[in-house]
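Participant: One structure is given below, represented as structure tokens, and several questions about it will come after.
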Amino acid sequence: RFIACPQLARTVQRCLRAGASPGPQPLLLECAPGPGILTRTLLNAGVRVVALESNSAFLPNLQSLENSLDGQLKVIYGDFFRLDPLVTGTVKPPAMCSDKLFETMGVAAVPWRADVPVKIFGILPQKKERNTLWRLLFALYECSSIYRYGRAELNIFISEKEYQVLTAKPGEARAYQALSVLWQVGCEIQLLHTEPWSSFVTNLKNGGLAVPKSTWLPNDHLCLVRLTPQQNLFTGGLKPTNSATFIFMVKQCLAKPKSRLTDRLNSWSLDSGGKLLRELEIPKNAEARKLYPEDYRRLFEALQNSNMFTETWFHDEVLESIRKIN
């Protein structure tokens with residue numbers, strides 16, 4: 001939760017408005033506002049805010065603030081990180097469905113290439129950070145959940161180690177992963193602000209900070225990162241309908257980062273893989289970890305257009321991969 005000082009709240013407010021286009025700004029959905037420190041700062045700056053709070057202890061003060069304003073703030077009981085749960089039957093609050101949330105906010109769906117329809121601010125739950133990033137990623141590529149309404153912009157605090165993964169470049173040991181490729185293809189990634197962990201977490205009983213451990217990447221800060229979906233994400237052979245296959249292909253290639261792409265293509269019974277790589281001007285002996293994100297997109301689109309590729313032969317594996325992540 002945003003339990004930081006008002007000074008940090010003002011810093012975050014400036015970051016959220018930085019680079020904004022002229023004219024009326026999109027509605028801002030604030031996730032888990034808690035005591036409302038940032039909420040008040042945003043309201044004082046003239047921002048229209050929907051506060052999505054899952055802890056009933058914070059609701060009375062937020063609702064009192066809502067009642068004192070003329071429609072600038074709307075308070076909703078719910079948990080953003082439990083949107084669209086994979087359950088049958090009635091969804092029990094604070095879990096909720098995105099269509100109900102967007103209806104309550106008054107946000108209508110817009111075409112993918114239109115302007116950002118809503119901005120979202122929050123702090124990823126640290127215990128489920130990686131899993132949450134994967135779920136958001138699947139929603140992005142499939143245009144489901146919040147992305148059914150257009151290019152929703154995420155402004156989220158994530159751990160420094162996960163930020164390093166999201167922005168890693170080819171050849172960076174350990175950091176460059178499938179998550180790196182897929183987020184870089186899908187979104188423009190901007191670092192807005194870094195803040196020490198001490199602004200957010202309480203001390204442990206022994207006096208230390210409750211910071212998730214990382215043995216191979218820096219993790220001294222939380223990073224406020226803006227993730228804006230690319231307007232041209234679906235202008236080529238990549239579509240929401242085949243995006244799960246693209247995700248699976250990238251995951252399979254980078255499961256063994258030092259493996260050669262030709263070996264991976266051959267394992268898929270694509271005997272013309274070497275020829276395909278030559279046409280894409282990718283070295284025959286290129287390792288999976290040496291390809292740039294856009295190279296993976298080009299490879300996927302070339303496979304889609306080739307007569308040697310069919311998705312059916314690993315359809316079951318794609319579904320199993322999605323099931324595990326969800």
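Here the Cβ of each residue, glycine as well, is placed from N, Cα and C on the backbone.
So TrEMBL lists these for the protein:
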BINDING   I3, E53, D79  S-adenosyl-L-methionine binding site
DOMAIN    11-208  domain 'Ribosomal RNA adenine methylase transferase N-terminal'
Participant: Would you mind giving the whole-number mean pLDDT across the domain 'Ribosomal RNA adenine methylase transferase N-terminal' (11-208)?
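Facilitator: In the predicted model, the domain 'Ribosomal RNA adenine methylase transferase N-terminal' (11-208) has a mean pLDDT of 91.
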Participant: Highest CB neighbour count within 10 A among the binding-site residues E53, D79?
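Facilitator: That would be E53, with the most Cβ atoms nearby.
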